[in-house]
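Student: Please find one structure pasted underneath; my questions will follow.
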Ligand SMILES: Nc1ncnc2c1ncn2[C@@H]1O[C@H](COP(=O)(O)OP(=O)(O)OP(=O)(O)O)[C@@H](O)[C@H]1O
Ligand SMILES: CC(C)(CO)[C@@H](O)C(=O)[O-]
Ligand code: BAL
């Protein structure tokens, strides 16, 4: 397994593979890897001969006051895990070379990227779209894998690739959960024992919400009950519990579900005098 940090070293390696006809599958990450990331890597291996993973905590997707500095960084352990999975190359770009002092270009996705996360992290998807565009241009993969845990992000990347004619196949990977149903996330590392116990209520409450809607309960009633249940168990606030169509993420009219939908949640879980923002989503 190779670890490269410069654009030149990256291009030298991937051009060699391209020349020999190997298909390249790319898994972009922010590191602090867990089983969720490794499940993406395992899926990646089914789509091509070469797997590239990037590790980059992208400053442009963090707003001032968010956890850019605190975000866990575990490069040595990450490399060990990826080597054990048989990854071919890890790309760890230097932030200075990603965004030099002259950088002046933005990438904004509309439609699916509006609402939900954007109501609470207004510049988040601009940062994600920008860095993913740059990473795609550098790596030039045939296929890229993104987790359904970040469901709106996956929909945004699909839109980006379609709209900007990027010849890259986007694959969504199912959400990996712990034995209590909590979606794995690098930010779970912030939790102490009590925080983790509280966080594990999220999926239980949301599964009930999904089941109630499936059984014919009005969407507003089910989502309001889920918000209240989250607050009742001890969540400090709920950014949203919303039901959307599964692909375009449009708001569903009528109040009752008569086809596939997705219920998405973002809520703040108290932890050591602070709080950790969790996102999750479920098919209905
Ligand atoms: N539990 C999971 N199941 C499936 N995919 C996941 C899971 N967690 C993360 N991913 C995916 O891994 C990729 C890299 O995500 P990232 O490095 O931000 O990890 P993360 O655990 O989502 O971190 P964060 O705590 O920032 O949300 C993304 O495509 C993301 O959707
Ligand atoms: C896609 C991504 C790697 C862009 O920084 C990030 O948003 C993530 O890890 O989900
Ligand atoms: N997995 C999404 C990255 C972020 O929250 O910044």
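Heads up, residue numbers simply count up from 1 along the chain you see.
The backbone N, Cα and C atoms fix where each Cβ goes, glycine too.
Sharing the features that TrEMBL gives for it:
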type     : residues                     : note
ACT_SITE : 37                           : active site, proton donor
BINDING  : 30-37, 147-150, 176, 184-187 : ATP binding site
BINDING  : 61, 153                      : (R)-pantoate binding site
BINDING  : 61                           : beta-alanine binding site
Student: Enumerate same-chain residues with a sequence separation of six or more from residue 148 (ATP binding site) and a Cβ-Cβ distance below 8 A; give 'none' if the list is empty.
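Tutor: Residue 148 (ATP binding site) has long-range Cβ partners 154, 172, 173, 174, 175, 281.
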Student: For a Cβ distance below 6 Å to any atom of ligand 3, name the recorded positions from 33, 37, 61, 148, 176, 186 that qualify, or say none.
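Tutor: The qualifying recorded positions are 61.
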Student: What does DSSP assign residue 186 (ATP binding site), in three states?
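Tutor: The three-state answer is helix.
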Student: Rounded to an integer, what is the Cα-Cα distance in Å between residue 33 (ATP binding site) and residue 61 ((R)-pantoate binding site)?
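Tutor: Pair distance, Cα basis, whole Å: 19 Å.
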Student: Cβ distance under 8 Å to residue 37 (active site, proton donor), same chain, sequence separation 6 or more: which residues?
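Tutor: Correct list: 27, 29, 53.
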Student: List, in residue order, those recorded positions out of 30, 36, 37, 148, 186 with a Cβ under 6 Å from any atom belonging to ligand 2.
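Tutor: Cβ under 6 Å from ligand 2: 30.
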Student: Quick one: of the recorded positions 33, 37, 61, 176, flag those whose CB is under 6 Å from ligand 1, and say none if nothing qualifies.
Tutor: 37, 176
Student: Whole-number Å distance between the CA of residue 186 (ATP binding site) and the CA of residue 153 ((R)-pantoate binding site)?
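Tutor: Residue 186 (ATP binding site) to residue 153 ((R)-pantoate binding site), Cα-Cα distance: 16 Å.
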Student: For a quick check of packing: other C-beta atoms within 10 Å of the C-beta of residue 61 ((R)-pantoate binding site), how many?
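Tutor: Result for residue 61 ((R)-pantoate binding site): 21 neighbouring Cβ atoms inside 10 Å.
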Student: Among all the protein chains here, how many other CB atoms are within 10 A of the CB of residue 30 (ATP binding site)?
Tutor: 17
Student: By the DSSP assignment reduced to helix, strand and coil, which category contains residue 36 (ATP binding site)?
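Tutor: Where residue 36 (ATP binding site) sits, the three-state DSSP reduction gives helix.
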Student: Including all protein chains shown, what's the count of other C-beta atoms within 10 A of the C-beta of residue 36 (ATP binding site)?
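Tutor: Cβ-Cβ neighbours of residue 36 (ATP binding site) within 10 Å number 21.
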Student: Given the binding-site residues 30, 36, 176, find the one whose Cα is closest in space to the Cα of residue 61 ((R)-pantoate binding site).
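Tutor: Closest candidate to residue 61 ((R)-pantoate binding site), judged by Cα separation, is 30.
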Student: So among the binding-site residues 153, 186, who's got the most Cβ atoms within 10 Å?
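Tutor: Checking each of 153, 186, the winner is 153.
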